[in-house]
Amino acid sequence: MGSVKSAGLSLLLLSFILYVVDSYPSMDLSNMGCEECTLRKNSVFSRDRPVYQCMGCCFSRAYPTPLKAMKTMTIPKNITSEATCCVAKHSYETEVAGIKVRNHTDCHCSTCYFHKI
């Protein structure tokens, strides 16, 4: 009788573990908190008419600088980084409360022109 209880308890525990594992989200958590590069309504400038701007994340990575490349640098840096930014493919200029802003119409990941310091 004791072995039946033990087997039943083991089966119950295994079922619970499988339930927990199955309910765990199976998604890429590397970019958690940063959505894909898309058009979003800018709440600051969207007073009398909607103004859309590109927001979101794209590709970025950092890796050790190859020795051959470090020898060519005027100021050697141990880490090299690459990145693409969420930028507007198409946009047009509009005026909101006397301020000229760009209303984006399409976004994509491309070369970063402006970097945050």
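Backbone N, Cα and C atoms are what each Cβ position is placed from, and that goes for glycine too.
As recorded in Swiss-Prot, the features of this protein are as follows:
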type: SIGNAL; residues: 1-23; note: signal peptide
type: DISULFID; residues: Cys34-Cys57; note: disulfide bond
type: DISULFID; residues: Cys37-Cys86; note: disulfide bond
type: DISULFID; residues: Cys54-Cys107; note: disulfide bond
type: DISULFID; residues: Cys58-Cys109; note: disulfide bond
type: CARBOHYD; residues: Asn78; note: N-linked glycosylation site
type: DISULFID; residues: Cys85-Cys112; note: disulfide bond
type: CARBOHYD; residues: Asn103; note: N-linked glycosylation site
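Positions of the features from Swiss-Prot, shown on the structure.
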{"residue": "Cys34", "record": "disulfide bond", "contacts (Cβ under 8 Å, 6+ apart)": "Gly56, Cys57"}
{"residue": "Cys54", "record": "disulfide bond", "contacts (Cβ under 8 Å, 6+ apart)": "Cys37, Thr38, Leu39, Arg40, Cys86, Val87, Ala88, His104, Cys107"}
{"residue": "Cys58", "record": "disulfide bond", "contacts (Cβ under 8 Å, 6+ apart)": "Cys37, Ala83, Thr84, Cys85, Cys86, Cys109"}
{"residue": "Asn78", "record": "N-linked glycosylation site", "contacts (Cβ under 8 Å, 6+ apart)": "Pro64, Thr65, Met70"}
{"residue": "Asn103", "record": "N-linked glycosylation site", "contacts (Cβ under 8 Å, 6+ apart)": "Val51, Tyr52, Gln53, Ser91, Tyr92, Glu93, Thr94"}
{"residue": "Cys112", "record": "disulfide bond", "contacts (Cβ under 8 Å, 6+ apart)": "Ala83, Thr84, Cys85, Val87"}
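Annotation note: Cys107 (disulfide bond) sits in a strand segment as assigned by DSSP.
In the shown protein chains, 17 other C-beta atoms lie within 10 A of the C-beta of Cys109 (disulfide bond). For Cys107 (disulfide bond), the Cβ neighbour count at a 10 Å cut-off comes to 23, with all displayed protein chains included. When Cβ neighbours within 10 Å are tallied across all protein chains shown, the highest count among the disulfide-bonded residues Cys57, Cys85 belongs to Cys85.
Ranking the disulfide-bonded residues Cys37, Cys86 by other CB atoms within 10 A of the CB puts Cys37 at the bottom.
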